[in-house]
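Participant: So Swiss-Prot lists these for the protein:
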{"type": "SIGNAL", "residues": "1-26", "note": "signal peptide"}
{"type": "DISULFID", "residues": "Cys29-Cys46", "note": "disulfide bond"}
{"type": "DISULFID", "residues": "Cys33-Cys48", "note": "disulfide bond"}
{"type": "DISULFID", "residues": "Cys41-Cys58", "note": "disulfide bond"}
Amino acid sequence: MASVKLASLMVLFATLGMFLTKNVGAASCNGVCSPFEMPPCGSSACRCIPVGLVVGYCRHPSGVFLRTNDEHPNLCESDADCRKKGSGNFCGHYPNPDIEYGWCFASKSEAEDFFSKITQKDLLKSVSTA
């Protein structure tokens, strides 16, 4: 009788262990993010969709960006996107290689100035917490 209970308990733990290990590798693409995080959202399986210049929300990359890019006035893939939307003349791409789009600025110098300030702040913040 004890061996039947022990066997049932072993099967229960084995089943539970299989489900837990399957979900360990799954990326959760929810929550707030920054396009400057590397990788964005804590996983390269997720994308950070900006709603502001330095803040966004995490999503799986399945076609979400194409819809968002067309709807958002400042998201761009090229300088032509910015001019077409009337949001600027220059598409400044994020310095994060996981982000394949940029933000519209009035000029290249404005984009360089903004990104240099942000990356310096992030660098100083990461050095001070280390």
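Cβ atoms here come from the backbone N, Cα and C positions, even for glycine.
Note that the coordinates shown come from a computational prediction; the quantities given were computed from them, not determined experimentally.
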Participant: Across all protein chains in the structure, which of the disulfide-bonded residues Cys48, Cys58 has the highest Cβ count within 10 Å?
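Facilitator: Result for the most crowded candidate: Cys48.
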Participant: Using Cβ-Cβ distances, find the residues under 8 Å from Cys29 (disulfide bond) that belong to the same chain and are at least 6 apart in sequence, listing them in sequence order.
Facilitator: Cys41, Ser43, Ala45, Cys46, Arg47, Cys58, Arg59, His60
Participant: Only counting partners 6 or more residues apart, tell me which same-chain residues put their Cβ under 8 Å from the Cβ of Cys33 (disulfide bond).
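Facilitator: In sequence order, Pro40, Cys41, Cys46, Cys48, Val55, Gly56, Tyr57, Cys58 meet the Cβ cut-off.
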